[in-house]
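Q: Take this structure, written in structure tokens, and hold onto it; I'll ask about it next.
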Amino acid sequence: MAAATWSWLLAPFLLLHWASAGAGGGAGGSGAGLSGPAVFTSSFLVRFRRGVDNSFAHDVADKYGFDNLGPLVGADGHEYHFKHRTLPHARSRRSLTHTRALKSHPAVHTAVQQPGFKRVKRGLRPAVPAIHGMKFDLKVGEGNRIDEEPTDPYFPMQWYLKNTGQNGGKVRLDLNVQAAWAQGITGKNVTTAIMDDGVDYMHPDLKFNYNAEASYDFSSNDPFPYPRYTDDWFNSHGTRCAGEVAAARDNGICGVGVAYDSKIAGIRMLDQPYMTDLIEANSMGHEPHKIHIYSASWGPTDDGKTVDGPRNATMRAIVQGVNEGRNGLGNIYVWASGDGGEEDDCNCDGYAASMWTISINSAINDGQNAHYDESCSSTLASTFSNGAKDPNTGVATTDLYGKCTTTHSGTSAAAPEAAGVFALALEANPQLTWRDIQHLTVLTSKRNSLFDAKNRFHWTMNGVGLEFNHLFGFGVLDAGAMVTLSKQWHSVPPRYHCEAGELTQPQAIVMGRSLFWEIKTDACKGTDTEVNYLEHVQAVISANASRRGDLELFLTSPMGTKSMILSRRANDDDHRDGFTKWPFMTTHSWGEYPQGTWKLEARFNSPQTRHGNLLEWSLVLHGTKEAPYRTLHPSSPHSKLAIVKKAHEDKKMK
């Protein structure tokens, strides 16, 4: 496994530096998603000496036996994706002949053959798929009122929309969507892109909510992201996710989507032998002004030993999306936190652990975590996956061949539910920024009845009174509460990135003892990047160990909030690469004051003797200079908003 290396989340100037450096060779490291030797695809990144139009790039591609698949997002016409017509999709050696041919053109600055890597769908697959034919309801066409329950035949099985205790579930442990629907909010004028293995846009429960203009197939390079049918139904994943968001209401077919009047776009990008940086980048930057939300139920391999994340072009596309998408309000990227269970940590997944994405975990219908849930300090909130008592009490949604299923599961099922809730919030207030959505998530998510089945992680209160859990983030999404608060929301103040300090003198981590490092900071006080109220915190760390999986890391804020930023991963037997500038992220100090002493603790958790070194640590604080909720008026003195706002006001008076 290559070294786990990323600096991509540090600060805008680093991202700009990488953007200028281009997207050719990966993010400096990991390849951890690959098994075995390196793989090279038939895709090439071609960087021109000047910005060129698509016609010019097409002529260059054609001259050397390539197809031009178009410009890269954010490259201003300097970079294009070429695919060779005869090279195999994957080979173990670079094709130097084709690289040299491209570089021989006087307008080409460089050409880089793209490495391939694995990305996996996050969803359990039942041994026998529970696929059902369509069921039609006698009430179709009666014009049901919005305050009545949906008549869709699978709605009674959609316990995550309305939990009445079905199959041993906890009554009212659900997304509280009916409270949003009752306000007339159903997702109108919002489009969610399902980045997956395709969407069956001819499904009768989806076809009227399908946004063809915002859809594309990056696996086959055409505008028709239809799934490739296989005998094992594996390519049903995207269609199932789409139904969770926007399945139509009261049409007698399957169930109903969380935001049933919203639109879905299909972005087919998972169905090829190997992923490339260019496919990911173009998917995440596709039609950013037509698409509001991108939902991703996939990521690096959840094997408990992979450390991997987005490469350069992909990271650039995400950053451009949050900065420029939706006409400057920012696209919302929703990510499934991972299905590696207690043997994995989603802070080792650079997609889920990114501050630009919203990482969503899952709970089952009685409130406990699913056995496949990963824990990490970067998870912001949770929704729901399969039920506890009955393996068939999964998520009821659309499936291939115009059919329905009740067995969709994994954190794959959780992310689209969150996307649907965010679509409701965006209808309620179309001016919400990507950061507003994150703040609303923190303030309106509920602890409810969520608990850790193995009693490892308890609910803890941070320094400004916000409860969080290492598994569930700030709780389960509450659609009704989010819509209500969205209507009165005022956008949060500008966000700043403060490089708060660094330690670069290596020190040994001794078995049986914790190593403590401290950084005292004024959080850039008096500068243009002053941070007084936290959002995300990153500990950018380099370390090595005789067995990386036995290393644990903790970060404690000046207000005393302790985040486990890396837990033990029993399957990770790496002893060579360790971590190189890996940005471990925590949301647990949200709203806190960053001034003071931050403590990093490193220790081994193993019955065997281990040794290693903490090589360097940089602390990066992200947040606002001004109090984020100063213009809002809480509806209840017991709400999270009221609690945090009072904490901020009390601090200001001292």
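A Cβ is built for glycine as well, from the same backbone N, Cα and C atoms used for every other residue.
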Q: Determine, on the basis of Swiss-Prot, the cysteine among Cys404, Cys524 paired with Cys498 in a disulphide.
A: Cys524
Q: Can you tell which of Cys254, Cys346 is bonded to Cys404 by a disulfide, based on Swiss-Prot?
A: Cys254
Q: Among Cys241, Cys376, which cysteine does Swiss-Prot link to Cys346 through a disulfide?
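A: Candidates were Cys241, Cys376; Swiss-Prot matches Cys346 with Cys376.
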Q: Rounded to a whole angstrom, what is the C-alpha distance between Cys498 (disulfide bond) and Asp196 (active site, charge relay system)?
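A: That separation, Cα to Cα, works out to 35 Å.
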Q: Looking only at DSSP and grouping its letters into three states, which state does Asp196 (active site, charge relay system) belong to?
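A: Assignment for Asp196 (active site, charge relay system) reads strand.
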Q: Express the predicted model's confidence over the domain 'Peptidase S8' (158-483) as a mean pLDDT, rounded to an integer.
A: 96
Q: 10 Å Cβ neighbour count around Cys404 (disulfide bond)?
A: 26
Q: May I ask you to report the DSSP-based helix, strand or coil state of Ser412 (active site, charge relay system)?
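A: The three-state answer is helix.
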Q: Tally the residues of the domain 'P/Homo B' (491-627) by DSSP class, grouping H, G and I as helix, E and B as strand, and everything else as coil.
A: 3 helix, 73 strand, 61 coil
Q: Work out the three-state DSSP category of Cys404 (disulfide bond).
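A: The residue in question, Cys404 (disulfide bond), is strand (DSSP, three-state).
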